[in-house]
Amino acid sequence: MSSNDAPVYTLAEGRPVQDPSAATVLMGSKPRGGALSLLADTQLIETLAHFPRERIPERVVHAKAAGAWGEFECTEDVSDFTSVDFLNKVGKKTKVLARISTVAGEKGSADTVRDIRGFAVKFFTEEGNWDFVGNDLPVFFIRDPVKFPSLNRSHKRHPQTNVPDSTMFWDFHNNNQEGVHCLMQLFGGRGIPASLRNVNAFGNHTYKFGKPEDGTFKYVKIHLKPDAGIKNLESDEALRLAGEEPDYHIKDMYNAIERGDYPTWTMYFQVMDPKDVETYRYNIFDITQTWSHRDYPLRPIGKLRLNKNPENHFQDIEQAAFSPSTMVPGIGPSADPMLQARMFSYPDAARYRVGPNYQQLPCNRALHVYSPYQRDGPMRVDGNYGGDPDYVRSSFRPMRFGPPDIAHDEWAGKVALFTSEVTDLDFEQPRDLWKIFKETGEDKRFAKNVAAHVGKALPEVQKKTIEMFSKVDQEVGEAIQRELDELEKKGGAGIEHDKAPVKGKGMRCKDSKDDE
């Protein structure tokens, strides 16, 4: 770029300025070298005032992520069960924005920790945005939404010591055992991906896909599978990378797209007729359980390709807001209570974190919007609908209306307090997963991974964890116990355990060497 083509440096209001590194000061001879800054120096004041305001609150979960733009192409005719716009023609392409994250860690944490990965994709369709907001594991730790804050706190930093705490982690799960299936997934071979380009993505919840025009619908589970296959890291390699290259996954994704090695996923649906709900063995609205692929085979739907890095990470990815409540005609929520709670919580978090007009930002803005009953608020930048009426049923601004919602369920019952109970059914799918672990030789790796983590917890918590996994199969508890015994022989007894305070008693932070 020649000097004539270079942009002219200005202040935020557009005034050209001679030198961005200079400040207007009153120079004094005494004390030697001293100077008094002047409040009349707009450049200095503007620079200093903006700096402490340039951060927005980080996400309380999913804080650290890679992100990219791309496209989705419909590859299959799905008109037999849904009229969703972006799926209404084979070959139709839709612009997307994707964000793939760790969950528990803060923005500065390491990429290669053992953790669930969040996988969110915003589809910019002709009938509004659709957000796919899922995880890289097929199930979740809880099914009662009131437990969601407690779950995430138990996986984060201890309120007294401000360090991650194994005792706290396992104490939560020992007393909320519906998560045992997810724990087996997390501590199995897929708990640490080798690359974000090689992870599955699951919608987790059950959704309705249908035809609002005739009131028909099917229940659907959504899957994204990487065309390059699943690739994972062993714990030792992940630990090395966490120390040497903590941004390993973010760099890997960015560099792959930059060199034209675009990651792709195939989207699949599992489709269930509503009449099957009452007779299916598992509660299809329970996010801790899966649908058997034998019962409901994967049906290919389309291709997701990420092919463009963000121009600016903060603008495109940090300010991006995803929510399972962001749906298009032909898609609706099911009776999953976790889904319904997330439909409130995610937009609420975006309004707090980014602002009440976050939908106007380019990374969130739908292709076509006319919503004159949402007006004003800070940072309104879209014309604010001019003089159009801001009240419903006006005679002065005719408008057309969209299609009806997807068919609603019919309910008959009473309002009552409810918390789900853990039964033997909660250990059935983990039992099947253990059989797969044994067949593939992953059983030893799983036991070693669990022991390495729970081994830092207090002995009484370790005992209860063994009891929980023994409900899956006695072999599971025994395998973990053997690994704990091996750790003890190797000097584990000298490591101070994480000690969650009980009844007001304090605790001492572990030495840094104990965290290694």
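Backbone N, Cα and C define each Cβ position, glycine as well.
No curator has checked TrEMBL annotations; they are predicted automatically.
Annotated active site per TrEMBL: H62, N135, in sequence order. The heme binding site annotation in TrEMBL covers Y346. Annotation comment: TrEMBL describes 487-501 as compositional bias 'Basic and acidic residues'. Taken from TrEMBL, the feature domain 'Catalase core' covers 10-400. The region 'Disordered' feature in TrEMBL is assigned to 487-516.
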Local confidence of the domain 'Catalase core' (10-400) - pLDDT mean: 95
Cβ neighbour count within 10 Å of N135 (active site): 24
Largest tally of Cβ atoms lying within 10 Å of a Cβ, found at which of the recorded positions H62, Y346: H62
Euclidean distance between Cα atoms of N135 (active site) and H62 (active site), Å: 11
